[in-house]
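Okay, structure first, notes after.
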Amino acid sequence: MAREQLGVLNALDAAKTQWYHFTAIVIAGMGFFTDAYDLFCISLVTKLLGRIYYHHDHAPKPGTLPPGVAAAVNGVAFVGTLSGQLFFGWLGDKLGRKKVYGITLLLMVVCSIASGLSFGSSPKGVMATLCFFRFWLGFGIGGDYPLSATIMSEYANKKTRGAFIAAVFAMQGFGILGGGIVALIVSSSFDHAFKAPAYSANAAASTVPQADYVWRIILMFGAFPAALTYYWRMKMPETARYTALIAKNAKQAAADMSKVLNVDLQAEEDKVIKLVVSQSNSFGLFSREFLKRHGLHLLGTTSTWFLLDIAFYSQNLFQKDIFSAIGWIPPAEKMNAMHEVYKIARAQTLIALCSTVPGYWFTVAFIDVIGRFAIQLMGFFFMTVFMFALAIPYHHWTLKPNRIGFVIMYSLTFFFANFGPNATTFVVPAEIFPARLRSTCHGISAAAGKAGAIVGAFGFLYAAQNRDPKKTDAGYPPGIGVRYSLIMLGVINFFGMLFTLLVPESKGKSLEELTGENEDEGGDTELQTGPARTVPV
């Protein structure tokens with residue numbers, strides 16, 4: 001039997017879209033802009049780091065990062081992110097969303113700047129310092145995932161909640177785009193200021209000494225948008241759901257939301273007392289009751305995010321190799337250092353502009369219309385189809401007349417990743433778990449995703465290498481090649497489609513209706529998984 005909903009929560013659920021909704025999206029979204037910028041801009045500068053710090057005289061090709069160093073530089077931020085998602089997700093449920101929110105942003109700003117100031121007396125020293133700061137950068141980024149999603153879900157009304165959470169996540173697209181644009185501007189500016197020949201013409205002169213500033217500027221720039229929003233994060237009140245349902249302070253919740261919504265709300269302390277007395281919703285994360293109500297849901301959110309991120313992050317990390325294979329990026333020895341950064345950044349920017357950014361905003365537009373389940377299932381399905389369509393006739397796509405077709409197909413996989421599971425795996429865990437475990441469960445789901453990103457980042461650096469030992473990057477053993485890597489990713493996406501069947505639909509329902517927090521002891525609520533069946537929680 002359902003209890004009467006707290007008035008302050010009813011007011012939030014029924015609120016019309018107002019200025020504070022957009023303010024919350026921008027404040028949380030600028031954190032995500034920084035998250036994406038910092039995580040993806042490293043792939044723009046790894047080739048440059050190899051040229052600067054691992055140059056060998058008389059080598060036929062420019063220097064590249066040794067396999068172990070490349071894996072560490074690309075992957076260490078993901079390890080930090082995974083740790084931060086678990087830690088700050090738990091802390092957000094213990095101390096409150098707002099108290100922890102500022103810490104994560106400050107950590108991101110400081111470590112973004114520190115990453116660009118990585119110094120050492122040897123290449124190993126510089127790389128070690130860079131990895132140290134990128135770990136802590138990732139740790140801060142990790143906290144932003146569960147906190148931003150939880151804050152936005154608890155502020156939003158039930159009619160447009162999915163669009164608001166997805167809009168925060170969609171800022172990731174602008175972060176990826178921003179990284180490419182900054183790299184284009186910086187590399188072209190340095191190329192015009194400091195002329196250099198191609199590597200094949202003069203190996204030593206192809207990388208000018210000033211190139212060392214380029215990667216540092218690109219890494220540091222991500223701190224500025226986040227720093228601008230720090231003051232506004234600190235001004236945000238704690239969410240009413242945390243204050244009322246977890247801190248049990250109905251008076252403070254009503255006062256905070258009265259200011260936000262510009263209406264008078266009653267404290268309703270008697271209802272909060274009933275919430276405290278009732279034991280029906282006091283189960284913990286490791287209890288049988290949680291396993292019974294939400295175990296399959298947590299399996300669904302963790303497994304789909306894990307599988308999605310293997311595919312999503314491996315694509316981003318070896319896309320420069322794909323562009324080289326189809327001729328968008330010339331062989332490294334035919335370019336100087338700045339040209340190479342420019343060409344890689346141009347390719348990433350075009351992909352972001354044509355497919356990544358539009359995909360995110362298609363999700364924002366349709367998530368509250370067709371629902372989370374349908375978008376996620378459709379996204380995984382088309383990612384599977386396009387991966388196999390790229391992989392099976394791979395030789396066909398590498399022929400010069402067909403290269404543009406390859407790029408279009410490759411772009412479509414990104415489009416359906418973002419108009420699909422990349423957005424929905426972020427949205428759903430912020431909606432379907434109880435308030436006192438919401439941030440923790442979102443952190444666990446996101447950490448599973450970053451475990452997948454680590455598999456993609458580390459594994460596909462090796463897997464995507466050419467099968468011919470003479471055509472591999474320096475220091476790498478032969479891999480399975482791009483074609484078989486794409487086939488593997490297609491299989492992974494297919495399994496993502498299967499595990500999506502465990503993920504419940506949350507469109508159009510209040511958070512308390514979804515989680516059963518309004519139920520008296522013994523009461524049931526239902527979550528619909530997919531369009532045709534219900535699962536008791």
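Using the three backbone atoms N, Cα and C, a Cβ is placed for every residue, glycine included.
TrEMBL annotations: computationally assigned, not manually curated.
Annotated features in TrEMBL:
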COMPBIAS  514-524  compositional bias 'Acidic residues'
DOMAIN    24-508  domain 'Major facilitator superfamily (MFS) profile'
REGION    512-537  region 'Disordered'
TRANSMEM  20-45  transmembrane segment
TRANSMEM  65-88  transmembrane segment
TRANSMEM  100-119  transmembrane segment
TRANSMEM  163-186  transmembrane segment
TRANSMEM  213-232  transmembrane segment
TRANSMEM  344-367  transmembrane segment
TRANSMEM  373-392  transmembrane segment
TRANSMEM  404-423  transmembrane segment
TRANSMEM  443-463  transmembrane segment
TRANSMEM  484-503  transmembrane segment
Interface check, the transmembrane segment (163-186) with the transmembrane segment (443-463), three or more C-beta pairs under 8 A: no
Highest-contact recorded stretch vs the transmembrane segment (20-45), from 65-88, 213-232, 373-392, 404-423, CB pairs under 8 Å: 213-232
Dominant neighbour of the transmembrane segment (443-463) in 100-119, 213-232, 344-367, 404-423, 484-503, by Cβ pairs under 8 Å: 484-503
Arithmetic mean of per-residue pLDDT over the domain 'Major facilitator superfamily (MFS) profile' (24-508): 87
